[in-house]
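Chemist: Dropping the structure in here first, questions after.
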């Protein structure tokens, strides 16, 4: 009897370890790591922008965006020029120029609106309202990408938002509710507009990188983003740019900002292809925390233990969201850069049929596990009989 109990215990331990390995896969770890890399790049853009504003009194969001879009154009738009066939830039512009024009306009104005909001509302309001992008993304993904979320995904999102709440509470307790409050209603409205525009851009990005290619998306955004940013810069910021007292420090910080933003734009489609736009934006919630940690050394912020709690809570929510795949219709990418939402298996085009297939697969897996258990029990009985 003790030997049989030991064998049963060992079997349960092995089964438990197998289940944990199925959940905490290398794919999940890689997605988590790359998501936090994106947060670090966002942190770099925030720190360099704050340096330019607080130390050098330089507020030129369109100039900073223009540099990023030009870098994207130099690399990815040039790559499209040398492509052949339907992936060539001329073929893309003939059929989809107006779509990418609207996408470029959406992306440019999303960046501009959130930077402009800092002039009218507080940092706390921006951090809270910026989370509006998550529900908007989920709604847009539901209707346009046919993504179907499960209960655990909604719970995971709530956990991540609770982590953001802890971070904002830490800011208030530490007296770091920075920013202007000259017109809070206008500032909050700009944040909501920015979050909505970012959500639209991210959904378009997810569709493009999973059905077409990452290079096409970045090349077109770089092309139209450069044109729109240059026009908006000439209209809105030409006086600010003409007053800049250029030094090597300002140039170096601008280069640092541009490289961080360029890296963010370049690698975000990779992470979206591995997971989803919603999952990526959940991981980006830690970006504000990284900025606060940098502010402890660069801007003498006060430390709070709630920052650590917030980081852990957001990461737990992100892991929960990615451990269970969402239900998506099967995609048929037209290039080698195809991807699947949340590294899930292929599902039928009809979401209802996809749910039925998933239940059938789950039942088949349970039957297979039961058969394996029966085989192991039979083998144990045979071994015991031989010993007898």
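Any Cβ shown, glycine's included, is placed from N, Cα and C.
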Chemist: Looking at the candidate ranges 105-124, 305-324, 325-344, report the one that TrEMBL labels transmembrane segment.
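Modeler: That would be 305-324, the stretch labelled transmembrane segment in TrEMBL.
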Chemist: Which range, 184-203, 364-383, does TrEMBL list as transmembrane segment?
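Modeler: Of 184-203, 364-383, TrEMBL gives transmembrane segment for 184-203.
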Chemist: Name the residue range among 5-25, 152-172 that TrEMBL annotates as transmembrane segment.
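Modeler: Going through 5-25, 152-172 one by one, TrEMBL gives transmembrane segment for 152-172.
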Chemist: Sort out for me which stretch, of 66-85, 248-267, 279-299, has the most Cβ pairs below 8 angstroms to the transmembrane segment (126-145).
Modeler: 279-299
Chemist: Report yes or no: does the transmembrane segment (279-299) come within contact of the transmembrane segment (66-85), defined as 3 or more CB pairs under 8 Å with a sequence separation of 6 or more?
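Modeler: Stretch pair does not touch.
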Chemist: Which one, 31-54, 66-85, 152-172, 248-267, 305-324, has the most C-beta pairs under 8 Å toward the transmembrane segment (215-236)?
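Modeler: By Cβ pairs under 8 Å, 66-85 leads among 31-54, 66-85, 152-172, 248-267, 305-324.
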Chemist: Please indicate, using numbers and ranges, the residues of the same chain that are 6 or more beyond the transmembrane segment (152-172) and have a C-beta under 8 Å from a C-beta there.
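Modeler: Tertiary neighbours of the transmembrane segment (152-172) are 123-124, 127-128, 131, 134-135, 138, 278, 282, 285, 288-289, 292, 304-307, 309-314, 316-318, 320-321, 323-324, 326.
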